[in-house]
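The transmembrane segment annotation in Swiss-Prot covers 88-108, 121-141, 160-180, 185-205, 219-239, 247-267, 280-300, 318-338, 371-391. Annotated region 'Phosphatase sequence motif I' per Swiss-Prot: 136-144, in sequence order, evidence recorded as a curator's inference. As annotated by Swiss-Prot, region 'Phosphatase sequence motif II' applies to 163-166, with the evidence given as a curator's inference. Under the heading active site, proton donor, Swiss-Prot lists HIS166. Taken from Swiss-Prot, the feature region 'Phosphatase sequence motif III' applies to 206-217, supported by a curator's inference. What Swiss-Prot lists as active site, nucleophile is HIS213. Annotation source Swiss-Prot lists site 'Stabilizes the active site histidine for nucleophilic attack' at ASP217.
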Amino acid sequence: MAELLRSLQDSQLVARFQRRCGLFPAPDEGPRENGADPTERAARVPGVEHLPAANGKGGEAPANGLRRAAAPEAYVQKYVVKNYFYYYLFQFSAALGQEVFYITFLPFTHWNIDPYLSRRLIIIWVLVMYIGQVAKDVLKWPRPSSPPVVKLEKRLIAEYGMPSTHAMAATAIAFTLLISTMDRYQYPFVLGLVMAVVFSTLVCLSRLYTGMHTVLDVLGGVLITALLIVLTYPAWTFIDCLDSASPLFPVCVIVVPFFLCYNYPVSDYYSPTRADTTTILAAGAGVTIGFWINHFFQLVSKPAESLPVIQNIPPLTTYMLVLGLTKFAVGIVLILLVRQLVQNLSLQVLYSWFKVVTRNKEARRRLEIEVPYKFVTYTSVGICATTFVPMLHRFLGLP
């Protein structure tokens, strides 16, 4: 078993998969500098966050929440694509596990398809992502080495590898959607199962193709997610009743996630993991509070039927498509405005409170600034998406 795990964690296995898909490292350009090994003359990669030199006067202390250590430097390796079908397929698949997908798919589901489904998806997604992000910084398993692996995503190089949160999120979204809709809508179950498997498989394979994870990282992420879905499934009906909880419920929804973010595992160097985790937990808290506000203040014009209720999937017409895109565009514009406004205000307040120079971008990485401003910003975004955007839709006459 130990030998099998070591083989699944081998970077050469990832490199062989990349070569099979037509992704190769570019030939060396000219002689090495002073005979140095490529790893010895590694360059700083754009997007790799490094520990700021100081936090405070005199530069004597590391940034709060960080140990003094240099971030890992990655060998900047050019690559050659010999099969553009796989290149574009896996680049698109990788995007299905990134922020751009979640900020489009989840709001679109809430505004145009079914708010109950979106709530289930978001809560399971938040749970899975938090556990995955924390596991990375607790286990501290490295990503595949480069060379031999070609790495296509530079922003995440500073993060650890095990488990793959892209694989976890894709598996959670796909199969939570399948399990929730099979008791609510009439459609061929086999078709839904195939779509869920294809979606999650493409995202998982994209993590190998982009060189960001080993096979063990991906399999570990899928297995952890499967276990979490099994363990949490009995509580899914309870999730549907959260909007009718007591008036103290929003306090718990704010305090618990903020506490988890503020006490996130200390990293050896700065990486975007803590900021991303804060964003995810804050968005989940905002969405949950938004549902509670809608129920408590009776802001929903007509209550939707709770799960499970068997319904026919309505046919897709031009009118429905235009209406859905219009509602989505209106909602995204409002969300972006709220995000920018709250972010600027929260940063100004925190900078003033901690007496930090406004132009000091490094200050955003400090624990006492990064966590509060991220949390306030994305909690506001979650509340806006579930409460104010639907109100704006009704005001504009968008059913």
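Every residue gets a Cβ built from N, Cα and C, even glycine.
For the transmembrane segment (219-239), the list of distant contacts is 8, 119-120, 123-124, 127-128, 131-132, 135, 162-168, 171-172, 175-176, 179-180, 200, 204, 307: same-chain residues at least six beyond its ends, Cβ to Cβ under 8 Å. Secondary structure from DSSP puts ASP217 (site 'Stabilizes the active site histidine for nucleophilic attack') in a helix.
Spatially, the transmembrane segment (371-391) is not adjacent to the transmembrane segment (185-205); fewer than three Cβ-Cβ distances between them are under 8 Å for residues at least 6 apart in sequence. Cβ neighbour count for HIS213 (active site, nucleophile) (all protein chains, 10 Å cutoff from its Cβ): 28.
Using a Cβ-Cβ cut-off under 8 Å and counting only residues 6 or more beyond its ends in the same chain, the transmembrane segment (318-338) has close neighbours at 103-104, 107-108, 111-112, 380-381, 384-385, 388-389, 392-393, 396, 398-399.
Within its own chain, the transmembrane segment (247-267) is flanked in space by residues 65-67, 130, 134, 137-138, 273-274, 277-278, 281-282, 284-285, 288-289, 292-293, 296, 367, 371, 374-375, 379, which lie at least six positions past its ends and keep a Cβ under 8 Å from the stretch.
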